[in-house]
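For reference, the structure is listed below as structure tokens.
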Amino acid sequence: MATDVVENSEDAYIITCALLSFVCIHPYGNLSAIDTLFFGASSSTESGLNTVDVNDLRTAQQVFIYVVPILTNLMVVNIVVVIVRLYWFNRKFKEHGYRARDAVDTKDAEASIGLGETLSAPLPNVGMKSKEDGSANTEETNRQLDRPFQRTAITFADDRKDIEKEKAFYIPSPRARELGQPIIQVDHSDGAVDEDQEPVAKPPQDHRLEPVKRRHTFQYDNAGSSARKSVETLASTLFVLGRSKSEQKTTTSSTLPRRSSDLPNLSRQVTLGRNSSFHNLTSQDRKVLGGIEYRSLKLLLKITIGYLVGIHVFGVVCLLPWIHQAPAKYTDWLAECGIGKTWWAFYSSQTMIDNLGFTLTPDSMISFRDATWPMLVMTFLAFAGNTCYPILLRLVIYIMSKIVTKGSSTHQSLHFLLDHPRRCYTLLFPSGPTWVLFGILFVLNFVDVLLIIVLDLNNPAVNDLPMGPRILSALFQAASARHTGTATLNLANVNPAVQFSLLAMMYIAVYPIAISVRASNTYEDKTLGLYGTDAELDESSSSAYLMHHVRNQLSFDLWYVFLGTFAICASEAKRISDNADPAFSVFSIFFEVVSAYGNVGLSLGHPDVLTSLSGQFKPFSKFVVCAMMIRGRHRGLPYGLDRAIMLTDEES
């Protein structure tokens, strides 16, 4: 149910951005309604399929499909989630503060009334008599004056409470507070001294005043004590995930938790279970852990925003000087297409980072396939904006942890992000899964490049380039097959085996990250059946564990892909049956559907147009492709509720 809420929220956001195309694109009158919707869905899902040449759009329309992919990019979406969580938690902090303030004010008022009544009462044997008994009153006064003068002594009341059974607050040093250690309560039996115990003024003998009953230990009641809690204390109820000591259940030998040694401020009985799930947490442990996690989340927000802005600036800085100094064959091609050099640099950088796939040039990147520098830069941007984003983000955090001062709060927050990343962010993984992700991506791209080069050794569409630029072009094409959908090769002319390998790569593009997200999700245990009451799966068996994820992914994908392909084939049956049009085939339609569902954007195209094959579809088929793009956007979501997107009321 929780995942349905996440999907519905993302559906609403993506569909809203897609429908904005009717406001920003359609009024110019150069696109039909279905083409307008198609551009809106393609840009908001970052699929990159187009039914009209992007260069034929007005500048304002191009700006729209430039901005929308940035707003719907996975990096931005996850940054928004972090901002919403921090806003929600800060609002909860304020509510705690208001309730605590009201409770303390009420207590203070009640205590003041009680104290005033006590002090206003007459002291025994000292009160004045009425005027009618004036003589007796005078004699009593004279006796009091005749007594020898006695100094007031300060002693402890006889009925004071047993200090040994009370608790006091321990205030750590500023250095310890910087490291995240909060104010805690300690027993006097542990050697603490009750410095707040008040001395009682005691007049001699019968004139002794009663001790003030209200002690300054800041323990009015549960509501009043909330006012004295720090942000870290409040965060413990909002952030901390884990079982208390009384809730800890018996675990099998294969899933025994390990000692949490990376957080020295936690008590010894705390253990760390699967996916950064803490067990045996005491109330004090939850306060410490909550404070660290809250500060880590705020630091992560700054890092992710810096990464997003920095990678866009890096792309523009690399491409803009090059295109202004590029050889004439590149600049002349841009001039022939009516494209400004600066606008090309900005748009090409954005389309690679946000994995959009739209290009201002009608032949995608085929005209630039022998240009070494832009091929290198744009290949890196394609990886940095998608599948390698978790890898590079962890690398940035790791480098920062080596630069900042050791022992500082920033250093502790960075190490918390490295050790327990999935408690804070969906696309940040532990060290092991990150290395596995890197290995999988390296193997997939190596195989893809090898297939493109080897299978097309005698193909003029590929081997007209020297070996160096050919390898670089193949690497760019391999990256595009899982990310941007841009092309340096005419895919309709490459080896059919290469076409099929590209189709497979488009489909499995999301698998490495999706499986990493789900495998590292703290709330995923029972959803995956790993620790449920049904048949359990041995997580130590990597092959069985991987196949379990693959089966779930296939059950999510295949029926929808086949249904969409069937619907388009039924709608385009007449074109498919036309032997005079071989470019319009079942395989090319299947290729288009998988590209749309994978949000990639590669297309075999059609000889009659410079757009995707979708440009030749009927309106109903275009609408089906839009549905494929929106449905495919959910492939990377976890099966169950993700720890990194939970709000206050959902955490327990």
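Our numbering is plain: 1 for the first residue shown, then up by one each step along the chain.
Quick reminder: no glycine exception, Cβ is built from N, Cα and C everywhere.
Since we're looking at a predicted model, the values are computed, not measured.
Listed in TrEMBL:
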TRANSMEM  12-29  transmembrane segment
TRANSMEM  63-88  transmembrane segment
REGION    118-149  region 'Disordered'
COMPBIAS  129-149  compositional bias 'Basic and acidic residues'
REGION    245-266  region 'Disordered'
COMPBIAS  249-264  compositional bias 'Low complexity'
TRANSMEM  299-323  transmembrane segment
TRANSMEM  373-397  transmembrane segment
TRANSMEM  435-455  transmembrane segment
TRANSMEM  497-517  transmembrane segment
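Sequence-distant contacts of the transmembrane segment (12-29) (same chain, six or more residues past either end, CB-CB distance under 8 Å): 36-37, 39-41, 43-45, 57-58, 60-61, 64-65, 68, 71-72, 77, 626, 630, 633.
For the transmembrane segment (299-323), same-chain residues at least 6 beyond its ends with a Cβ under 8 Å from one of its own Cβ atoms are 73, 75-76, 78-79, 82-83, 86, 330-331, 334, 341-342, 344-346, 348-350, 352-353, 373-374, 377-378, 381, 384-385, 392-393, 396-397, 400, 410, 413-414, 417, 424-425, 428. Scored on C-beta pairs under 8 angstroms, the neighbour of the transmembrane segment (373-397) with the top count among 63-88, 435-455, 497-517 is 435-455. Panel annotation: around the transmembrane segment (63-88), residues 10, 13-14, 17, 20-21, 24-25, 39-40, 43-46, 54, 57, 297-298, 300-301, 304-305, 307-308, 346-347, 350-351, 353-356, 358, 385-386, 389, 424-427, 636, 644-648 of the same chain, lying at least six beyond its termini, place a Cβ under 8 Å from a Cβ of the stretch.
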